[in-house]
Amino acid sequence: MTPIQNAQQIFNRQHKNLPEITVYAPGRVNIIGEHTDYNDGFVMPCAINFGTAISGAIRDDHIWNVYAADLDETDEFSLNVEIPKSEHKWANYVRGVVKFIQERYPHFQQGANLVISGNVPLSSGLSSSAALEVAVGKFCQQLGDLPLSHTDIALNGQKAENQFVGANCGNMDQLISALGQENHLLMIDCRSLETTPTPVPQDVAVIIVNSNVPHDLVTGEYNTRRQQCEEAAKFFGVKALRDVSVEQFQKREAELTALSPLAAKRARHVVTENQRVLDAVEALKNNDLTCLGKLMEASHDSMRDDFEITVPQIDYLVELVQLVIGKSGGARMTGGGFGGCIVALAPHDKVDAVRKIIADNYEKTTGLKETFYVCTASQGVRVI
């Protein structure tokens, strides 16, 4: 059963009524451009065919009653008083989104009953949190008939995660969940918010493999990386590392390394990664999978050696995939790091061989069982 069917059926069962509003927002996978979004840089994700659905109906008071079907937990809060934090982590994503929509539209105090159901794996780096934030934002927009664009909904979700949940994420995850296009990757300029759709080549599969090494960005080292990038930007006298070219970085690399070796390594990743995203757009335009594969490999090496966010299990998965696909595609870690998933672009006729080499070796070597997905690039948030 899909999340949409699940949310609708459970709502019907709980409230003896059909839902008035159903919305759906997808998770995402980032093909290239990691930890560049909060440096005002470039990213190239696609929305995937896993996501979060919300079914709901209006109430005649100011209360939101929210049931998370997959966790079997309920949260309840009022919209006509200051919204406090919940002890349930998932509930804070919902509360944060509503709180910041109320900041924009103080008259928005409409109560509702909601059922949430999703199939984005939690803590996998596929943006279950952004899918939830964008779905809640779209639900609010429909419920209150609010003049919110999909970009507004995305940025509101990011604000909720930064200021209410406490994860200092960039804006990529929410933007792609809101703006994704079917069968396209979306190059996003995280400063101007300009998007450039790039078709996924027809003969290419988007493969995601979850290492099942869990990660938690709020308590992890994500925020430290962000501080190190800000330190490097200050050294270059710019607003963000987006404003430093590869040539400019190389000229002053030794000077920065002497001052702060770690900030220099982090900056080298971000500056070169931004260039790799721009090069990847060209490679895809030219249907040059060999070039794209090299860029993805360089991106992974940079995350491993300079940004230091991969773990041995992830490195091993990438090695296994590269053995099979060779020069006909690419593989790299995707997401915040410290666990999560790898992404590969490979010809459809290599998918079974990739699945087999991982099934034969990964669990035997690491003691962890992988989860294997073949995804399609999907449309962003929508009303059902």
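Positions of Cβ are set from backbone N, Cα and C atoms, glycine also.
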E34, H35, T36, D37 bind substrate per Swiss-Prot; candidate in Y93, Y105, Y222 listed for that same site: Y222
For the binding-site residues T36, S127, S128, S129, the one whose C-beta sees the most other C-beta atoms within 10 angstroms: S127
Whole-number Å value for how far E161 (Mg(2+) binding site) lies from D37 (substrate binding site) (Cα to Cα): 15
Non-site residues, in chain order, whose CB comes within 8 A of the mean position of the CB atoms of E34, H35, T36, D37, Y222 at substrate: G33, Y38, N39, V43, G170, M172, R225, V270, G336
Recorded substrate binding residues, E34, H35, T36, D37, Y222 - maximal Cα separation rounded to whole Å: 13
Rounded distance in angstrom between the Cα atoms of G125 (ATP binding site) and Y222 (substrate binding site): 12
DSSP-derived structure type at R28 (site 'Transition state stabilizer'), helix or strand or else coil: strand
Neighbours of L126 (ATP binding site) among the recorded positions R28, H35, D173 (Cα to Cα, within 10 Å): R28, D173
